[in-house]
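Look at TrEMBL and you will find A:15-38, A:112-134, A:140-160, A:172-197, A:203-227, A:239-264, A:270-288, A:300-324, A:369-387, A:394-427, A:511-533, A:623-641 tagged as transmembrane segment. What TrEMBL lists as domain 'Oligosaccharyl transferase STT3 N-terminal' is A:20-422. What TrEMBL lists as region 'Disordered' is A:449-490, A:804-834. The annotation compositional bias 'Basic and acidic residues' is assigned in TrEMBL to A:464-490. Annotation comment: TrEMBL describes A:804-815, A:825-834 as compositional bias 'Basic residues'.
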Amino acid sequence: MAAQETSQSATFRHAFGNVLSFTVLLLIGVMAFSIRLFSVIKYESVIHEFDPYFNYRVTQFLTKSGVYDFWNWFDDRTWYPLGRVIGGTVYPGLTLTAGTLWRILNSINIPLSVETVCVFTAPVFSAFASWATYLLTKEIKGAGAGLTAAALLAMVPSYISRSVAGSYDNEAVAIFALIFTFYLYIKTLNTGSLFYATLNAIAYFYMVCSWGGYTFIINLIPMHVLLCIVTGRYSPRLYIAYAPLVVLGTLLAALVPVVGFNAVMTSEHFASFLVFIIIHVVALVYYIKGILTPQMFKVAVTLVVSVGMVLCVAVLAVLIALVASSPTKGWSGRSLSLLDPTYASKYIPIIASVSEHQPPTWPSYFMDINVLAFLVPAGIIACFLPLSDASSFAVLYIVTSVYFSGVMVRLMLVLAPAACIMSGIALSEAFDVLTRSIKFHLVGTTQNPQDNARDATKVNQNDVKSEKSEDTVKERPSRKSKKKDKENIEKPSLVSRVEKRLLVLPLETSVMAVFLLVLLGAFYVVHCVWAAAEAYSAPSIVLTSRSHDGLHVFDDFREAYAWLSHNTEVDDKVSKSKRSDSFALKTPTDVSGISFIASTHYPLILFEVLNLAVLGLVQRNKLIGLLAAAILVQVASWWDYGYQTTAMANRTVIVDNNTWNNTHIATVGTAMSSPEKAAWDIFNSLDVKYVLVVFGGLVGYPSDDINKFLWMVRIGGGVFPHIKEPDYLRDGQYRIDSQATPTMLNSLMYKLSYFRFVETDGRGYDRVRNTEIGKKHFKLTHFEEVFTTHHWMVRIYKLKSPKNRIRGKTKRSKSKSGTSTSSKRSTRKKNPWQ
Amino acid sequence: MAAAIFSLFIFVVALLIGTSSASSSGLQILQAERQIELTSHIVRVYLTLKIENTEDAPATEVLLAFPPTQFDHLALVKAAVTVGKKRKKSYVPLEAKPTERPDAPNGTKYHSVSLLKPLAKGETTNLEILYILTQSLEPFPEEIAQSDPQLVYYHDSAIILSPYHIAHQATMIKTPSNNVESFTQVDPAHRSGSELRYGPYEGHGPYSYSPIIVHFENNHPFAVVEELEREIEISHWGSVQVTESYKLAHAGAKHKGAFSRVEYQSRPGGSGVSSFKHLLAVLPPRVHSVYYRDEIGNISTSRLRTNSKKTELLIEPRYPLFGGWKATFLIGYGVPLKDFLFESAPGARYLNYTFGCSIADTVVDKLTIKVVLPEGSKDPSVEVPFAVKQSLEKKYSYLDVIGRTVVVLEKRNVVPEHHVPFQVHYKFNPLFMLAEPLMLASTFFLLFAASVVYLHIDLSIRKKC
């Protein structure tokens, strides 16, 4: 009777617990979403930064033209005159996700704009990510740890920095996919269910669609499998968890155009295949062991080992020879710089110039994961008490991600979920122990007079409870493996043992510890909210500054883009008439045809926006990202501004943030570093009409082109040796004042930045470099200022047309260059419609 | 240019030859006074006519003649008759509508003004006429640099074009400044300050014409809205949401060469005099949630001033507009429903809203007004005081099932004088307001019911033990 009652109250408590966890999860989701809305509240609902603008533009195309056109999309607005095959070079996960969301919303008549959907995709997926964290941690250490970890992840600053509303970037959905894939892997490992294994492969496929970081998964899981095998934890569940993932996952990954055959051909994936072979060998060994007698087995082992060794050595030799024959040893530059942190700075300036590819500093750990950094070790210890398959995975995850985050700032993002899981486990275990000892003391003091045998019953009750929990576990579907059950039996006994030992904790100490832990949590929350509100919410296309007379808004970038999109009318005409041609030709989706169009049309505008991220000057590491010289066809600019120019101004650029063609970027860098005439020749040969520079000297905006200029010189010099870095430095110092070298003072970048600058204050005082400029009064002969924004942050110049110059000279230069450009120009002139 | 003047000349000669045969009507104009205002980019012409009927048959209408070039740019013609003597003078508006005449020489176009009562023989009446021309100032030179002032041509006739004999006439032209480069001499004509006076001329026959060109400085911002779409969405839950999307252009002399920010900022008066930086939009009183943005986000340069009579929104495009430059933007706001929606009969309602464009002192080339009626409204009809193109559309907004009826009104060449109220009548059953909340509630109910069912159902084949 009493047992029934207790079981009834237990079911009630069970149900109540479920409802409570559900509510808590819901609230965590709401918090994850709302903490990311600071950017919308403080600024506006707008896409942030650089890469998100590209993703936004791709999404717009997708929603307008449909998914099939998207796969075949050849973008002629970037990388003029080469163009770029977007469908085959982007990770489509984010775009397809947002596009599908948009489609669903519109089909039920909720007419949100594509922009709105894009802006809020990241916050929505962070809520999903925190739920996925709950599931993963629950598999590892139970629901309490799961809820704590989910709450921590919902507001971890590192993840917030990549997923505030408007930050429409791959990482926003990829972190969710990463955690969810891990969850399904652990779930499969714990249950041995093929159903979950299949889901796991699909989740992995989504991750591959979303982010290049999927290689982390496909290396981490094999590592874990290997670890399990080595430590003698091989089980059929492990086989079920791993083998289908490799087979299905690799097949699915190869479906993503950007990955394609890389899924089987690059070194990043080799580990998984190697482990795939090993696990089969191990499985075979276990099988044979089962059917042979021990003596026979011994004989077989010696036989197989000797033959196998020979074979393995042969195969390894072939593999090593194959890999060694490729110049990068089969590894891509970015991955190599992961293994050897100094690789990029040594060999690839364009990777090195991106700030987020730099190693982080210690403060950035504190900024991005805050108190979690201190809780992680405790979490690791908790994972060893006891060590299960799942918790060993968690340990492996944290260890590898700590290493990777130490190599590249950007990968701090991968560390954040691991740190949250570990801290969640640590906090939850600590609370568990502390509250239990408090409860014991309280119960002990209040009920002391009643019965001395109370302790005994308590212990009994504990036993009953543990039995009960065992029962409930057993009641669950029989998919649960025997091993799991065994663990469960082990665990309660372990727990009760631990309990008995820990109950000794004195009341005061426990209360104090709980109080301190709560304080620590509160500190974390305060820090996260501050980081979300102050540090990570600025959209970077709008800048604000607070001064004594109120808030100043610097909206110069959009001013320039809007001006370009509305007032570069000649090109509009040309591109319009040509665009109709391209439509006619586009129907047979013939790539060669399209690239032909791309190369012949758009007498484009080159915006020279040279934006090189100067590491030390940009405070927010995530910002430092872009290496692309954005040159609009006819708009030439350094690559940082390429994505924004195509998306906001709808003009063709020469280079953009997708830095796939180093030579092209170097050409723009060279032009910027050259004197006016040489630069004009380069730009003219690229059909550039406008050149765009970012200049912060008037208002003190530090990440302007002058500060990035050395990178332009370096990248340009890497391909065109006549540009030499020392020419721009005086005694190894980069300066723009009267001590600057003549090469520097005559470079196009200097001239375009400081043209007529001296007239603003009479002496030309640069507020970024805090110095007076070196050359104050000069004229431009081949360029003409056509627009400068209100705070001078963006300056747009037009290339003067060659006919303005002396006739004889023009003719000579024409005949000399004899390029397609000049012939195109002359034919265009004949056209009566222009 | 020369060719145009020459052809005008030919035109005039032809007109003068044709005059004698054309005077079919028995009306004659005793006194005509014309005042042409060229101070902004909208040309306003005030015409005062004293008309006498000389024939037996009573005259019911008076014809106003326009050369075809002017007729195309005619935005509005308003006529009124003066009633009473000097002290108690009042104006009674008359109807003016475009008409065709079979015997019109050289493509002359007409507006006919219907008189209040037929004019008997020997009687006289005084007509006051206002007509407005847009796009009639032609910049010359067509391209100017940043520091140049903007000079424009205005073409017209020194003698009023009319199908009637005009006994006495005079024309006054008002220019924005004293800076008049040149004007055609048709004696007697003289200039004093910013005023040009042609006439008085005596006894010109029907269809007399004498072309003149005035070349003068006009630095008024030539703000032209090339396209404006206003969407007025009625929600019976208490507000009317208005969204206006503008395509703005500076229609003056095109900007040539460089734009120097230094010059623009350091010499506000001397550089870019014909450019404009901000515009004033007049919104209804009690507006709320005003926004001003374009396709790439919020535009932070705007100022909102409210008082009980009206709301003024001072908007600054992202960049100053020079000749030929364009900008697009969006203004949106909500106004309380009770200010604009009225019940005419049980179940029938009408919206009373202002036609035209919110921005003061602009011309709208193409105006589209879309009135989105609530879902489930029936029998829409429109009352507009002038001719507009009407059509109906369907729109699906938040959670609509049958779609909302949209009344589309289109008009070209809209000037500030078109800012008059118009009405849209429709029938609406308030029960439709509950459709969407009920739909949402039932969806959630079904969702919860389904999850309850799912949790209590056991689909497994084997019984769990």
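Each Cβ is built from the backbone N, Cα and C atoms, and glycine gets one as well.
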Message: When you look at the transmembrane segment (A:172-197) alongside the transmembrane segment (A:112-134), do they share 3+ Cβ pairs under 8 Å, ignoring any pair fewer than 6 residues apart in sequence?
response: yes
Field: Sequence-remote partners of the transmembrane segment (A:172-197) [C-beta within less than 8 Å, at least six residues beyond its ends]
entry: 93-94, 97, 121-122, 125-126, 128-129, 132-133, 135-136, 139-140, 159, 162-163, 203-204, 206-207, 210-211, 213-214, 216-217, 221, 235-238, 240-241, 244-245, 389-390, 393, 397, 413-414, 416-417, 479-481, 484
Message: Under 8 angstroms for C-beta pairs, at least 3 of them, ignoring pairs fewer than 6 apart in sequence. Is the transmembrane segment (A:15-38) in contact with the transmembrane segment (A:511-533) by that rule?
response: yes
Message: What residues elsewhere in the chain lie close to the transmembrane segment (A:511-533), defined as a C-beta under 8 angstroms and at least 6 residues from its ends?
response: 35-36, 38, 42, 152, 155-157, 160-161, 164, 367, 370-372, 427, 430-431, 434-435, 438
Task: Using a Cβ-Cβ cut-off of under 8 Å, list the residues of the same chain that are 6+ residues beyond the ends of the transmembrane segment (A:140-160) and lie near it.
output: 17, 21, 24-25, 28-29, 31-32, 35-36, 126-127, 129-131, 133-134, 175, 186, 367-370, 372, 382-383, 388, 390-391, 393-394, 412-413, 415-417, 419-421, 423-425, 427-429, 431-432, 524-525, 527-529, 531-532, 535-536
